[in-house]
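First the structure, in the form of structure tokens, and then the observations on it.
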Amino acid sequence: MADRLRELTQTRLQKIWIPHQCDRLQQRRGSSIPQFTNSPTMIVMVGLPARGKTYISKKLTRYLNWIGTPTKVFNVGQYRRDATQSYNNYQFFRADNQEAMKIRKQCALHALKDVHTYLSREEGHVAVFDATNTTRERRSVILQFAKERGYKVFFIESICDDPDIIAENITQVKLSSPDYTGCDREKVLEDFLKRIDCYQMNYEPLHDDLDSSLSYIKIFNVGSRYLVNRVQDHIQSRAVYYLMNIHVTPRSIYLSRHGESELNLLGRIGGDSGLSVRGKQYAHELGNFIKSQQIPDLKVWTSHMKRTIQTAEALHVPYEQWKALNEIDAGVCEEMTYEEIQDHFPEEFALRDQDKYRYRYPKGESYEDIVQRLEPVIMELERQENVLVICHQAVMRCLLAYFLDKTAEELPYLKCPLHTVLKLTPVAYGCKVESIYLNIEAVNTHREKPLNVEVSRDPEEALDTVPEHF
């Protein structure tokens, strides 16, 4: 019985919705398509080119994956590039170019087929269909496709009539597009504006009355205004909540662990100890570094724990404390060394190595738990401009995984060394990372996953990757 309970608490949860093996859901004659509460969702982008649809698609996908909702982007433009191999000019997108129109339609259908495979056979929960989808006819095809398979549909329409924003988007993103390899800036701008004109001729935005039964959000001019209609469930609610918090203002986020602590020196996890001598030196150097950066309107955040607060105090600037930034709660293993955990709880030590992301310390937390409590922090980071977050190893890994789009399996093993600042600068479709070591020595607290993760392993094998400590 105990083994069974162990299995139930340590096994990864699967989604409730289970697709039928056939292509379409079975339905009794005269009945409607069943709509399960947890049925898969198609998020469908709508809008003219250079309106930030791909930016929104990738960013939203990264967020949903981070919170544990399996999500994938299906970019129809990439299907088109794969099918045509070469791009000549805007004339490919003319409405009277019948041959090109046929290719574009086939690419969209191919992408929809892959959406079905992902949602029905690959345990996906959300598929983001990234294309212009500017006509009612195209959107009707997508709606019918989703209806036949029992998928929910949520539209995201990005509307922008500010020529400066459009030109900036073309310059930042389209210049590096495979469509324009080797082209100069002026030719790219000219051709892409003509491509937009081709779509503009037949553009039919979502209509307040005609589309009143649909679920959607309209985003005007990169978030200056929003219109939300008929949100159906928590996935759509979270998508709306997220989209209303993000912005594109240039900024940097600085992540740093606290200075080396007294318990770090002893190789003990958790606790609430103060800084070591070297930790205090780092706090001083961190203050000098931040001052040298001359960062406008910098906000500084810490956890409620002594070692992050002592680190922030050395900066001589105002700071805010977040309980959500506290280190992972190791429960019964608090303030123990890895050697002591292996000695007292060898089974728990092995179970954590088997699935470090989902393993929860007895009476403590898992990395998965930390991600859930960090969601408000991520939302506020998305709203802010320049921020320095002084936190802890597990927390920093979770934040870093969000910005770098890392999987749950990669997250617990991201390297976040002491006395090092990570400067994260959002770029077009990702995040640029700079690692700045402030030249103050510290112990190594990073433990790699050992080769043998079985409960029956020898203690030497279990402790093989434990870093040296005093």
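Note that Cβ sites are derived from N, Cα and C of the backbone, with glycine treated the same way.
These features come from Swiss-Prot:
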- 1-249: region '6-phosphofructo-2-kinase' (REGION)
- S31: phosphoserine (MOD_RES)
- 47-55, 169-174, 349-352, 393-397, Y429: ATP binding site (BINDING)
- R80, R104, T132, R138, K174, R195, Y199: beta-D-fructose 6-phosphate binding site (BINDING)
- D130: active site (ACT_SITE)
- C160: active site (ACT_SITE)
- 250-470: region 'Fructose-2,6-bisphosphatase' (REGION)
- R257, N264, G270, Y338, R352, K356, Y367, Q393, R397: beta-D-fructose 2,6-bisphosphate binding site (BINDING)
- R257: site 'Transition state stabilizer' (SITE)
- H258: active site, tele-phosphohistidine intermediate (ACT_SITE)
- N264: site 'Transition state stabilizer' (SITE)
- E327: active site, proton donor/acceptor (ACT_SITE)
- H392: site 'Transition state stabilizer' (SITE)
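Checking Cα-Cα distances from H392 (site 'Transition state stabilizer') against the recorded positions (R138, R257, H258) with a 10 Å cut-off leaves R257, H258, in sequence order. Looking only at the recorded positions R138, H258, H392, R397, the densest Cβ neighbourhood within 10 Å occurs at H258. Per-residue pLDDT, averaged across the region 'Fructose-2,6-bisphosphatase' (250-470), gives 97.
Close to D130 (active site) in the fold, though at least 6 residues off in sequence, lie M45, K53, T54, S57, V73, F74, N75, V76, G77, each with a CB less than 8 Å from its CB. Of R51, R80, R195, A350, Y429, all annotated as binding-site residues, the residue with the shortest Cα distance to G270 (beta-D-fructose 2,6-bisphosphate binding site) is A350. Only G47, R51, from the binding-site residues G47, R51, R138, R195, R352, Y367, place their Cα within 10 Å of the Cα belonging to C160 (active site).
With respect to their backbone Cα atoms, R397 (beta-D-fructose 2,6-bisphosphate binding site) and N264 (site 'Transition state stabilizer') stand 17 Å from each other. Annotation for R195 (beta-D-fructose 6-phosphate binding site): same-chain Cβ neighbours under 8 Å, separated by at least 6 residues, are P49, Y90, F93. Between the listed recorded positions, namely T132, Q172, N264, the fewest other CB atoms within 10 angstroms of a CB are found at Q172.
Ranked by Cα separation from K174 (beta-D-fructose 6-phosphate binding site), the recorded positions G47, N264, E327, R352 are led by G47.
As a whole number, the greatest separation of Cα atoms within the beta-D-fructose 6-phosphate-binding residue list R80, R104, T132, R138, K174, R195, Y199 is 24 Å. Counting only same-chain residues six or more apart in sequence, the Cβ atoms lying under 8 angstroms from the Cβ of Y367 (beta-D-fructose 2,6-bisphosphate binding site) belong to I328, K356, Y357, R358, A394, R397, C398, A408, L411, P412. Taking Cβ-Cβ distances under 8 Å and a sequence gap of 6 or more within the same chain, the neighbours of Y55 (ATP binding site) are V173, V248, A428, Y429. Put simply, R80 is the one of the recorded positions R80, R257, E327, R352 whose Cα lies nearest to the Cα of R51 (ATP binding site). Comparing CA positions across the recorded positions R80, R104, H258, N264, R352, the one lying closest to E327 (active site, proton donor/acceptor) turns out to be H258.
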